[in-house]
Amino acid sequence: MRIRMRGKIVRAVSGFYYVQTDAGTTLQCRARGIFKKRGIKPLVGDQVDVEAQGTQEGVIVEIAPRVNKLERPSIANVDQVFVVLSLLEPELSLYQLDKMIAMVEEQNLPLLLVLTKAELPGAIEVFQRIEPIYRAMQYELIALSLRAGIGNDTLAARLKNKTTVLAGLSGVGKSTILRFAVPGADVAVGSISEKGLRGKHTTTFVELYQTEDGFIADSPGFSQYSFEALEPEQIQYLFRDIKAEADQCVFRGCLHETEDGCAVRRARDEGRLAATRYTSYRQVLHEVKDAKNRRY
Ligand SMILES: Nc1nc2c(ncn2[C@@H]2O[C@H](COP(=O)(O)OP(=O)(O)OP(=O)(O)O)[C@@H](O)[C@H]2O)c(=O)[nH]1
Ligand SMILES: [Zn+2]
C-alpha cells in the first residue's frame, strides 16, 4: 500500500533522498523519473510529497516551489544564515567577516553575526569595538559562549521555527552550535562521516538536522565561495554602508578606488564609513578583478 506524506529532504547521497516526514519518520527515497525529464534536481531543504512504500522507503512525487536557494552548499528554502566567527583563538578577521557578510548579501538572505568564544579574556572588548559598526548597518550580532553560558538564550530564540545555515571557517565553533541546537547525539556521527566523505567526493555534503522546531545545517564549501559570477561594479552593492554613499560619487561607475569626487572615500576620511569596511571592500574588489583578468 502506498501512503502519501509530506516532508522535507534532509540529506542527499548518490541519487537517494532522505525525507523527514511530518509524521516524524525518515524515508529513503528515489525521485520520480519525471523530475529528471524536466531537468529538476531535488535539493536538500525541498518540501516534498512522497509516496511511502512500507516504513523505510518512498518515492518523491512532488516538489513544492522553492522560496529561495542557497548555492554552495545547495540548500533550498533557507530562512537565515548565521555568520560564525570567533572573537579570539583565532583572532577575529574583519576582512573575513565582511567577506562572509557580502556572500550572504549576494544570496539575499537574512543573517545573524554570531561571534564566539566570548568568555575568553579580552573577547568582549573586541565585540564592543566592532558592534557599533555593524549595528549602524542594521545587522544583528551576538557574543556567544555556549561553554560559559553567554548568549545561549538569544541563540535559542533565533533558531526557533527557522531553517538556519551556519557559515564559517573551521575552528570557530560551528559544531558546538550544531550540538546545542540539535538535542540528541547523532550530530557527532554526522560530522565525522561528513569529514570522511569530504576527501573522497568533490561535491560537498550537506545535511539538515532537526532542531526543536526548525532545521539547521553546517555549510561546508560556503567559505570557498568566490564572487566568480560578479562584475567589479556589483561588489559595492554587497556592502550596505558603501552602497549608501555611492550614489553621491561624481562619476557613474565609480569603483571608489582613486576616482575624483568619490563620496565613499570622503565618507571614510570624514569618519562616517569605518576604515576597516572600506579596506575589506577594496580587498574583495581586487580579488574579483584578479579573477576576471585571469578569465580573459
Ligand atoms: N573558548 C571557547 N572555545 C570554544 C567555544 N566554542 C567552541 N570552542 C572550541 O573551539 C574548537 C572548535 O570548535 P568546533 O565547534 O569544533 O568548531 P567548528 O567550527 O565546527 O570547526 P570544525 O569542527 O573544525 O569544522 C573546539 O576546541 C571547541 O571546544 C567557546 O565558546 N569558547
Ligand atoms: Zn566612489
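Glycine residues also receive a Cβ, built from the backbone N, Cα and C atoms like all the rest.
What TrEMBL says about this protein:
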- 67-225: domain 'CP-type G' (DOMAIN)
- 76-223: domain 'EngC GTPase' (DOMAIN)
- GLY168, LEU169, SER170, GLY171, VAL172, GLY173, LYS174, SER175, THR176: GTP binding site (BINDING)
- CYS249, CYS254, HIS256, CYS262: Zn(2+) binding site (BINDING)
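Features recorded in TrEMBL, as mapped to the structure shown.
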| residue | record | CB count, 10 Å |
| --- | --- | --- |
| GLY168 | GTP binding site | 24 |
| SER170 | GTP binding site | 9 |
| VAL172 | GTP binding site | 24 |
| LYS174 | GTP binding site | 22 |
| THR176 | GTP binding site | 16 |
| CYS249 | Zn(2+) binding site | 20 |
| CYS254 | Zn(2+) binding site | 21 |
| HIS256 | Zn(2+) binding site | 25 |
| CYS262 | Zn(2+) binding site | 21 |
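Confidence in the domain 'CP-type G' (67-225), given as mean pLDDT, stands at 88. Listed in sequence order, the binding-site residues among GLY168, SER170, VAL172, LYS174, THR176, HIS256 whose CB lies under 6 angstroms from an atom of ligand 2 come out as HIS256. Each residue in VAL84, SER86, THR116 lies on the same chain as GLY168, LEU169, SER170, GLY171, VAL172, GLY173, LYS174, SER175, THR176 and has a C-beta within 8 Å of the C-beta centroid of that GTP site, without being one of the site residues.
Residue counts for the domain 'EngC GTPase' (76-223) under DSSP, helix first, then strand, then coil, are 59 helix, 33 strand, 56 coil. For ligand 1, the neighbouring binding-site residues among SER170, LYS174, THR176, HIS256 are SER170, LYS174, THR176, by Cβ distance under 6 Å.
Ranking the binding-site residues CYS249, CYS254, HIS256, CYS262 by Cα distance from SER170 (GTP binding site) puts HIS256 first. The Cα of CYS262 (Zn(2+) binding site) lies closest to that of GLY168, out of the binding-site residues GLY168, VAL172, LYS174. Taking CYS249, CYS254, HIS256 as the binding-site residues under consideration, the smallest Cα distance to LYS174 (GTP binding site) is found for HIS256.
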